[in-house]
Amino acid sequence: MLARPRTQLALAWVIFSVVSTMYLAPPVISGPTADDLGVSAADVSLLPTANAFTQVVLAMPAGAVLHRIGVSRCVAIGATTFSLAATGCAFAGSLQALLGLQLAFGVAACLSGPGPLTLLVNSWFDASGKAFAVGVLFTAFGVAGVLWPPLCAWAAAEVLEPASPTAVPPAEGLEAKAPEPQTRARGAKCSAYASRLPWWLSAWRVWSLAAFSFWVMFVTQAFNNYLTLYLATEADVPLTTASAYTSIIYGLNMTGKVLFGLLFDHQRANAYAIAALALWVLGCAMVPRVNGSGELRPGAVDGTRGEGVSHIQLLAFSLVYGLGYGGVFILMQSKPLQLYGGDAGFPHMQGFFLTWQRVGTIAGVSLTGVMARGADSEHAGSFSTPFKWLPLLAALAMAHFAGAVFQPRICTTSCGRGVQRGVQPREVGMRWQRMASNASDDSRESTRA
């Protein structure tokens, strides 16, 4: 194991930045890819969906593999798979070939993506620094977003990828300590059926956080996947300008991840979480729309006036949404780590959360694409309707998180019994007896007075 966790975090950051590029590249270069392959932009949008679908199917099995052979070996296998698939992607001549390679990228992401790397962070850092470390790790996703949107030649962009993993030091240097299994609470009796199930499957808060992850990924991935096309088609923003502002969003996304990751390690983490969610909802609502005000079209060279949006609108939207998106993403990734990172079976639980996240990604991207095509030909290709619904769904996700977090802190034993976190059932009963005794003593003293 390497000497310092920060050094290991740096190596994990490089791996994640390389893996992220293959997920981010298809949406932002969908236009040139569609032109070269002779397909529609909607067909190209299936590429990240294929990646996400693979991760949905393999998320839970990958958790079992991580538990059996270790995180470091999985990261090494995933990085190798990624490099081979990226090499083939540069020479793919059809959409079917690209779809097949995206399936391979999904396998690589399950073995060396956010799930395994988050488990490494859980091993390297204590509770007071986990959220910040996760925030630093996931800035790699933002770096990939900053670098790739301006690229136009998709084949040239893809051909750069196979050499990227060579910059990653040997993945065997990344090691993780398995969490110590927790013992069953004294006095807890399990039925034969309950003892066969993981304890967290009966924990209400685990399911609530999983549903929150679904809604976050539903909104953000639909938003991000179609943002460039929306700005180009609905807001009349030139493609190069839209790509530039997409890069700004990813740059601010990195700032939000580090900033809120640091704040989430404080005692008032829930208050900062609500602030991040509020920024995210506000950013979704601030998406530029054509308002007929006659402002200059961004990037127009002839100076003509017409319906469009201004650079101020785009910059304000990018600022608020970028920071909020970064904060909410880290909230989704770090909250389960803070609550359950030391519990037995956390690798399996992490696969459970990732499954919900990938399902949200597929649902958001797919439903947004269907709504964009419209029920009739008159409104086909319009993103106006889905982009009106996404802010509302973001607000519902915020309300869902508030309802899930501001509840009594309950943990679950291995057979699903809810007890106060860190308190054994017998101790809970003794505490209630002491409270009742103190209350009776106070009442007698008040009567005497």
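Every residue, even glycine, has its Cβ placed from backbone N, Cα and C.
Remember, predicted model here, so these are calculated numbers, not experimental data.
Straight from TrEMBL, the features:
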| type | residues | note |
| --- | --- | --- |
| SIGNAL | 1-30 | signal peptide |
| TRANSMEM | 74-93 | transmembrane segment |
| TRANSMEM | 99-120 | transmembrane segment |
| TRANSMEM | 132-157 | transmembrane segment |
| TRANSMEM | 206-232 | transmembrane segment |
| TRANSMEM | 244-264 | transmembrane segment |
| TRANSMEM | 270-291 | transmembrane segment |
| TRANSMEM | 312-332 | transmembrane segment |
| TRANSMEM | 352-375 | transmembrane segment |
| TRANSMEM | 387-406 | transmembrane segment |
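Ranked by number of Cβ pairs under 8 Å to the transmembrane segment (352-375), the listed stretches 74-93, 206-232, 387-406 are led by 206-232. Long-range Cβ contacts of the transmembrane segment (270-291) within its own chain (Cβ-Cβ under 8 Å, at least 6 residues beyond either end) map to 219, 223, 227, 230-231, 234-237, 256, 260, 263-264, 307-309, 313-314, 316-317, 320-325, 327-328, 330-331, 335, 384, 387, 390-391, 394-395, 397-398, 401-402, 405-406.
Panel annotation: around the transmembrane segment (206-232), residues 27-28, 30, 41, 45, 48, 52, 149, 200, 238-239, 241-243, 245-246, 249, 284, 287-288, 314, 325, 328-329, 332, 335-336, 339-340, 349, 352-353, 356-361, 363-365, 367-369, 372, 383, 386-387, 390, 393-394, 396-397, 400-401, 403-404 of the same chain, lying at least six beyond its termini, place a Cβ under 8 Å from a Cβ of the stretch.
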